[in-house]
């Protein structure tokens, strides 16, 4: 999520540190925190004013209306505070529906003042801008401020001024206070913007002759802006809502989430509950929680959580292990990975419903696990409605003995027709091609000063796109979709990636290999591809804003899909404003994209080819949908393909609070598109966009049948606030609840099911009615076209085998840690194999400290081999097999050493040293390298990640931390690693980077080396990288190597290609 509540103490600390105003802000930093462990004697020593002033004490645990609840002690001395706390500290209290323990209190100076000196001020964010609310009567009895307060909207990119404040907010304030209040409010608003607050309320704000006093404060900040505000925020703790404890398992998953580009969420609702969920997808996780609560399981629901965004196998394993540990904790303390006995003792039954790539094989494996362990595991695929397993688990519907099994993944991809060509789909023309010009057109030029009109038709079978980012798998998926849809040309014209020079990337178009250009900058791509009108932006959350704003400078672009999750809301709102001005449709952020069957798909939308074919997304149907959730859009593809003639177009607008386009933008497009006969909307808790659909229906703007369901109905059943997986899935008022919106939609004439369980039935009922009326005339189905299967997928499915090109017996780098001739690297160190002391004498002609000798030995060990796949080793092997001598073979390998291989040691040492010596913060260093388009040398690994660490680095780090006198540069590099791994988990400080920075620390503190000793690091690596491979190839008697033809792309002129 993005907007997270912070404690009152944290909010005031931000204000006191960073507010810029001429108003005299009093009592700065005069607060003291009390917990059950507090020693009042020591507290008084740290805060002497506690002994001399009258005091106020109150809980600081995100509790609203503390004054009316009797939870504020006023005008007390320190002994009075202690007496007031005795019946409250660590006591259970009920606030609304939530019960919780009071255990964190805030003590502040008591401020004597009059009622007329109390004011109310609040700043909060909306899609259009930031609203400033002010009322001249603040305090406990302020009442309905939305109705009473003066309001001022500061639009996106607009500035506030004291004159604006006086004119719009201070009309009921006496003249003697207007200057001080206007200055404070302007300073408060600028603070709100600079520190990326999303909500900031002060009530009361007291203004006396002495200055301004901030008495009570509530605030939320945009947690996704951490990479921007880290220097000002510091390390922020986000307390849980009152009534819910903070569990270490939640913190562990939150830490995994922070270190990953994926999304991993866990909230414990009832640790003793009997119903546990482990759901892939932010939207799906809400749907399952809804269904459990609808069927009476709310009191037994133990957790809410989700994992999505393609987490790694290790991350998924860690997440599952955490869930299993929590499930079985009541009886067992588990330290091993074997959960069979605890699961049996607890009589756990597991229900699995799975879709996605190769889901059939996954279900088979899980079913086998159930049979071999004796744990009841019931598995179901896409043939079973998504939430049907909840009814089975809770006893509301029978469990099928033998559920129907869909065809194996491979069956969708093998040619059953005997033809080697891809047939044209007869249905492509029926709804899409012939009517493309009727359905809509690109954005029309608007009158000067007016916002540009947006296109009705976003995609056709001639749409050309740019892809920002080196997302080769997504691009190949798009090309495979294009091929199966019988497009004449690929939909991807080019890619943009600032971190490489201009080059070409190889892809498949059916059986044929093609080259797609990759450009370093956007301008060159736009200039050379004027027919491109869509950008698919895979940039990270740090880069997505800049790259999107840059793209909108080019008028040829009319649609942009932003995939990244976690873009700060303030940046998203600026994107939306610019897009509205230029007539650009934004899909996302935090989305998988969208799909138009037979025409175009964005990135990874629709999943892999087996799912594309199973859901008949290679040809258009009659039903268009719009969803927030990307994962649920895939489920809608499945439901719609099983209950109707298929999908005409589908868009996932994204789960952020401010999606670039909203439900009505797409619903109105569908209304104006003749090929769309009915519309499906999957809304959710939070926001009010669904009410605009109601309004459009009542006004007659929408006349086509609309089926809609808003997920998140369970939220009203929980005693404390739960933030669901999507940042926007949180109701801030009653009208934003899913229950209220479903009711309003039904009253407006929308087809609303009783639950998500019935969504498919409602869609089928509406569709059948349209068919009966002749509105829809189902076309004759055609068999899916032939699709080639990728080698890697075929190998995973066990359909093929391929002999290895090389043999090696000395090194295996594929497992958890590096292995030399069968001995793990950790065992090599335990055997004390090393030459550090000898090298110290022979190379440096001096006796080095023991820890320096050991460190050099360790560096020699970890750089002794990098496997046969890297360039240096590869060249050595080929030369050895060609009969060359040792020196020639080694030279061939050594010549490949440079910045991209081996030489990163020196480059990493130089980059980190320069940054550290110049005094810039790690975040500033990362941002600067990003802005300059440069890679950070020594950062990143193809296999290892923060969750699957490189044992070599861990061993070296432990030694250096224990023995080196100082590790200033290493500490700096590890701080950089924390920032880069929050973007992608494999952007770790790798072994090259670690050795580089550690050697600099060594040379600066040891006294035995020259300033430029780190230049020698290359030699240490070079000495060892290839020698072992030469001897190994001779020992294995390997012959002359000739690379196989089928592993080479022969790029010839078109007229010469076979």
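First residue shown is number 1, and so on along the chain.
Cβ atoms are placed via backbone N, Cα and C, with glycine included.
TrEMBL: automatically predicted annotations, no manual curation.
Here TrEMBL flags 726 as active site, tele-phosphohistidine intermediate.
Per TrEMBL, compositional bias 'Low complexity' is recorded for 416-432.
Taken from TrEMBL, the feature domain 'ATP-citrate synthase ATP-grasp' applies to 2-233.
Confidence across the domain 'ATP-citrate synthase citrate-binding' (244-330), taken as the mean pLDDT and rounded to a whole number, stands at 87. Sequence annotations record features per position, and here TrEMBL assigns domain 'ATP-citrate synthase citrate-binding' to 244-330 (among others).
If you look up TrEMBL, you'll see 338-395 (among others) marked as domain 'ATP-citrate synthase citrate-binding'. Look at the domain 'ATP-citrate synthase citrate-binding' (338-395): DSSP puts its residues at 27 helix, 8 strand, 23 coil.
Here TrEMBL flags 462-566 as domain 'CoA-binding'. Helix first, then strand, then coil: DSSP counts for the domain 'CoA-binding' (462-566) stand at 28 helix, 32 strand, 45 coil.
The domain 'ATP-citrate synthase/succinyl-CoA ligase C-terminal' annotation in TrEMBL covers 626-750. For the domain 'ATP-citrate synthase/succinyl-CoA ligase C-terminal' (626-750), residue counts in helix, strand and coil come to 51 helix, 21 strand, 53 coil, using DSSP.
Marked as region 'Disordered' by TrEMBL: 416-449.
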Against the domain 'ATP-citrate synthase/succinyl-CoA ligase C-terminal' (626-750), which of these stretches has the most C-beta pairs under 8 Å: 2-233, 338-395, 462-566?
2-233
As a quick check of your reading of DSSP, tell me how many residues in the domain 'ATP-citrate synthase citrate-binding' (244-330) are helical, how many are strand and how many are coil.
42 helix, 15 strand, 30 coil
